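Have a look at the structure below, then the notes.
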Amino acid sequence: MSSVLPTPVLPTPGRNINRGHFPDDFIFGAGTSSYQIEGAAREGGRGPSIWDTFTHTHPELIQDGSNGDTAINSYNLYKEDIKIVKLMGLDAYRFSISWPRILPGGSINAGINQEGIKYYNNLIDELLANDIVPYVTLFHWDVPQALQDQYDGFLSDKIVDDFRDFAELCFWEFGDRVKNWITINEPQSYSDFFGVAYDTPPKAHALKASRLLVPTTVARPSKPVRVFASTADPGTTTADQVYKVGHNLLLAHAAAIQVYRDKFQNTQEGTFGMALVTQWMKPLNENNPADVEAASRAFDFKFGWFMQPLITGEYPKSMRQLLGPRLREFTPDQKKLLIGSYDYVGVNYYTATYVSSAQPPHDKKKAVFHTDGNFYTTDSKDGVLIGPLAGPAWLNIVPEGIYHVLHDIKENYEDPVIYITENGVYEVNDTAKTLSEARVDTTRLHYLQDHLSKVLEARHQGVRVQGYLVWSLMDNWELRAGYTSRFGLIHVDYYNNFARYPKDSAIWFRNAFHKRLRIHVNKARPQEDDGAFDTPRKRLRKY
């Protein structure tokens, strides 16, 4: 972890930041994911995913008991959503392809859903027709339920071949127009919170994932239900399963890159990365070497777990030392596929945490993932929060954290090209607010201004960050938080046909970062379509 940071070369503009402060080729955009926005769970030949099964089997584990059956109906409203992206003047739109929408049975042998292929072709063509660059994620956690039933999903090595085939199908169908691919979104999050069975006993602890706004206590089902993984081996701890899932995610990533480079690279000329989530791991006591080392270990277990194998073909040294044989080794052939299997690194950053040292558990049989790194995390020091909370849980607002994370990646992971693939903040869904009140999101506006200023500062100091994608374009179905948490630049009226309205942050982002503002720092805001976008009482779809 970096301790001494360089002095800024250029002053940063603070909250007056706009597109003119960045180079012309810097990418600005916003992102979504399939299960969180599409809906149409039973339309167009789509098969069920593990999320469909999980939300219908255990609605009590979703904060409001909801599911993504309709999400925000983007499957039927995608043209309207693309119109929003165009009105905002964004360069790029990140979305994910629903694996079970194009392969309902999970595998090629089970059949290709041509209606699903058609949907994504239409989406991509509509983006390009509006001069918007697609950034496409292959896996955003929606494993086909068929593969979960057949062999326990990412707990099985068998999924590597099925993911490779799914990826190859996407390259064949969409790669002539898609040049920016993200293989896997947040493999650490998936491994930790989603890749392991709910019905394994230690999972009751893992379900209390702060990132996902789950309740502090959960109820267990009366009967085991295979949703995320298997209980076939009750002697295997949840932590060991976590690392097995992570291992297979890495192998699936490498297999997808291999098939692209072997069959498509010469003609399609696309680029690849994984989107890796991390926090700024700040030592609780920066004068305590044990806390400094603990913060470094925490970064290894969060980010290095999936980044280091792409550089050296091995897991971070701290993980290998602490986990020993519990952490699988890569074969020589697997190492060859992993090393260099990226063109850029996607970074998802939301928040920061204090880290202090901890003693290892006495009973290794009771070890879980959150104790393996021998560190504690907390959001406060001496009763003072590391940053103000955005809402009731997990997201402390710490803009300087993104600056430190970018420097840590530059210094410790061979100075890669970086895209911020997610950065954003939520507000609680307050149903008592009027539409006009709900569109006032000053916290988000300041969050984006302050984080972009820190990204620019890191660029000034040589970090090769080349793009910034807000999470998210629109309010969506936010996983374990359901509809209780709003991340969008665009307000979605969940109770009125999912009508879309711009929040203050969307209007600011458009005025500051519209693609027509590439040349001059102080150029006036674009005037075209202002009334259509800024009018608060009109639905965007009317325009």
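Just so it is clear, glycine is given a Cβ too, placed from its N, Cα and C backbone atoms.
Taken from Swiss-Prot, the feature beta-D-glucoside binding site covers Gln36, His140, Asn185, Glu186, Tyr350, Glu422, Trp471, Phe487, and the record attributes it to similarity to another entry. Here Swiss-Prot flags Glu186 as active site, proton donor. According to Swiss-Prot, the site 'Controls the gate shape and acceptance of substrates' annotation covers Trp394. Residues or ranges marked as active site, nucleophile in Swiss-Prot: Glu422.
On the structure: features taken from Swiss-Prot.
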residue: Gln36; record: beta-D-glucoside binding site; Cβ within 10 Å: 24
residue: His140; record: beta-D-glucoside binding site; Cβ within 10 Å: 23
residue: Asn185; record: beta-D-glucoside binding site; Cβ within 10 Å: 24
residue: Glu186; record: beta-D-glucoside binding site; Cβ within 10 Å: 25
residue: Tyr350; record: beta-D-glucoside binding site; Cβ within 10 Å: 25
residue: Trp394; record: site 'Controls the gate shape and acceptance of substrates'; Cβ within 10 Å: 19
residue: Glu422; record: beta-D-glucoside binding site; Cβ within 10 Å: 24
residue: Trp471; record: beta-D-glucoside binding site; Cβ within 10 Å: 23
residue: Phe487; record: beta-D-glucoside binding site; Cβ within 10 Å: 25
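The two recorded residues, Glu422 (beta-D-glucoside binding site) and Trp394 (site 'Controls the gate shape and acceptance of substrates'), show a Cα separation of 16 Å. Here beta-D-glucoside is bound by Gln36, His140, Asn185, Glu186, Tyr350, Glu422, Trp471, Phe487 per the record. The longest Cα to Cα distance in that group is 18 Å. Each residue contributes its Cα atom, and for His140 (beta-D-glucoside binding site) and Trp394 (site 'Controls the gate shape and acceptance of substrates') these two points are 21 Å apart. Counting only the Cα atoms, the space from Trp471 (beta-D-glucoside binding site) to Trp394 (site 'Controls the gate shape and acceptance of substrates') is about 16 angstrom. In the three-state DSSP assignment, the secondary structure recorded for Glu422 (beta-D-glucoside binding site) is strand. Comparing Tyr350 (beta-D-glucoside binding site) with Trp394 (site 'Controls the gate shape and acceptance of substrates'), their Cα atoms are 10 Å apart once rounded.
Taking Asn185, Glu186, Phe487 as the binding-site residues under consideration, the smallest Cα distance to Trp394 (site 'Controls the gate shape and acceptance of substrates') is found for Phe487. DSSP assigns Trp471 (beta-D-glucoside binding site) to a strand segment in the three-state reduction.
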